[in-house]
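A.B. asks: This structure is in structure tokens; I'll ask about it shortly.
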Amino acid sequence: MAQPRGRVLGGSSAVNGMYIVRPSSVEINAWHDLIASNDQTAANSWTWDSFFDAAKKTETFTPPVADTLSVAGMKYNADSHGTSGKLHVTYPGYMVPVSGTWLPTLEAAGVSVSADSYGGTNIGGMFALSAINPTNWTRSYSKVAYIDPLPPRNNLHIISGATVGKIVFADNVVGGELLASGVDFSTEREGTVQNVVANKEVILSGGAMGSPHILMVSGVGPKDVLEAAGVSVKLELPGVGQHLMDHLAAPVVYSTTVDTQGSIRASGSDFSKTPEFNSFINSGVAYVNGTLLFASEQNFANFRSEITAAAGSSASSLVPSKYSEVVEGYKAIHSAVIEKIYPTSALIEVLLSLNSPGSISVQAALQQPMSHGRIYINSSSIWDHPIIDPQYFSHPADIVTLRQGIKLARTIGSTSPLKEALGTEVTPGPDIQTDADIENWLRNAVGTEFHPCGACAMLPKAQGGVVDANLKVYGLSNVRVVDSSVFPVSFSAHFMSPTYALAEKAASLILAPPTPSGAASGSSTDADTAAPSSSSKASGTLRFASMSWLGLSLPLLVGALL
């Protein structure tokens, strides 16, 4: 299964689906609770109220234009959005007419329509915001939002086309922790290795796949993995690369004769070339809880009970690690999801897709995976890709939940007014009907929504955590990770918006760091030290890192604030 990523300044925010969706308050508060036992004061940075403020700070919201609103009928609350942030968020300048059936169909199918999906409760149907600049209907992403508007400045240096080879550590230790003295980088596998010196901090924003990769080739990670790859162990940290989570998805596809985005584009008409048409996003979505998925509260309660009962005996077999800390972390995450997130948050995202000519899809996507994978290395070179072992469907709850999502997608497809636009079911097809049939089909049909997280999880070290509540890597005095790899739980959301919010919080921590017990002080960035690298692989850099898995460039935020 491909795991593409944006190889460009601005990372994947320059190439992704542009969805702006926020998690629920329950999910963010579960994150807080997981790290609170480690440091209650620092953990307060990761409550819903704090996250909500940071998310609003990133954006400038523009309401939908009249034509878009009249077709889609979306609901929104402007008070839940920012008005002066760097990132433009709005709705597309054009809506394919069949989009107007989405919200009425959901209501008829028993899925409520949300009046405000961004204020902490995202259950129900909506049209998602997109990272679009409505002045010209172009993509708003990290480079154009944060870098391009900056005047020339001597404390921001971007090296494009560079790949970080490893973080270099000094021989001495500070307070029992390793000190990063710099970062090696080069522009090609056999190219000259150059080094930048870290006077203050190294901030790693290589993304959910890249950040653990860089740590491991730098000698930080599980000892067995590092030794097998021929990497000298600088710091044994078992959680690096573990707790990998992702959103799996599969579509129910119908034939159609109505206009879709795909058919309009294929027509080659003048309209198909306009900025307004090309701003169209498949933004009709719904976030659905377990009670609706399993048809009753009692059925859903029984499902949760079965998962809970099996948790203790199955945890060690479900975790791809021999380290007890990682197993304990899985148990903690499992408990948080089942006890705090499952009861009220969305387990499935349903999405209306109009990409193709002659077909319409209703996609179901798993939002709270119980299966955890890992990322590891078999080479000491950053130029060799890491091994990604997602362990999809290793926990039986995931395929059952996604199966129920496919059933709901079919219900939506057979409900008016959408059903009048649909012809025959093409995929999975009429022969796939029983639970067993659907599950067998899913094993071969699923793809990823490209929302990985967790491989540098913010958890207590005793639970396989990699970073603390200040985003500092355990055992390293001056290295932080700032990207979606630190999320310790998955969210019922696309990850770009929460990653931007994370970076806003990180910028605040870096510029005015708290000083909890045991934390190093005086760790703000130096305005006149080393040049950051803009890596075309998953690069972490001196002071700033330029590319995350979801395209968030931390230097864009920090550089703008220094």
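Positions of Cβ are set from backbone N, Cα and C atoms, glycine also.
Here the structure is a predicted model, which means the values were calculated and not measured.
In case it helps, TrEMBL gives these features for our protein:
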- HIS451: active site, proton donor (ACT_SITE)
- HIS494: active site, proton acceptor (ACT_SITE)
- VAL8, VAL164: FAD binding site (BINDING)
- 207-221: domain 'Glucose-methanol-choline oxidoreductase N-terminal' (DOMAIN)
- 517-538: region 'Disordered' (REGION)
A.B. asks: Considering only the recorded positions VAL8, VAL164, HIS451, which residue has the minimal Cα-Cα separation from the residue listed as 'active site, proton acceptor'?
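C.D. replies: It is HIS451, whose Cα lies nearest.
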A.B. asks: How many other Cβ atoms are found within 10 Å of the Cβ atom of VAL164 (FAD binding site), counting all protein chains shown?
C.D. replies: 29
A.B. asks: Go ahead and report the DSSP secondary structure tallies for the domain 'Glucose-methanol-choline oxidoreductase N-terminal' (207-221): helix first, then strand, then coil.
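C.D. replies: For the domain 'Glucose-methanol-choline oxidoreductase N-terminal' (207-221), the helix, strand and coil counts are 11 helix, 2 strand, 2 coil.
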A.B. asks: In three-state terms from DSSP, label VAL164 (FAD binding site) for me.
C.D. replies: strand
A.B. asks: Between the Cα atoms of VAL164 (FAD binding site) and HIS451 (active site, proton donor), find the distance and write it as a whole number of Å.
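C.D. replies: Each residue's Cα considered, VAL164 (FAD binding site) and HIS451 (active site, proton donor) end up 23 Å apart.
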A.B. asks: What does DSSP say about the residue listed as 'active site, proton acceptor': helix, strand or coil?
C.D. replies: coil
A.B. asks: Going by DSSP, is the residue listed as 'active site, proton donor' sitting in a helix, a strand, or coil?
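C.D. replies: Once the DSSP labels are grouped into three classes, the residue listed as 'active site, proton donor' ends up as coil.
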A.B. asks: Work out how many Å separate HIS451 (active site, proton donor) and VAL8 (FAD binding site) at their Cα atoms, rounded off.
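C.D. replies: Distance (Cα to Cα, whole Å): 19 Å.
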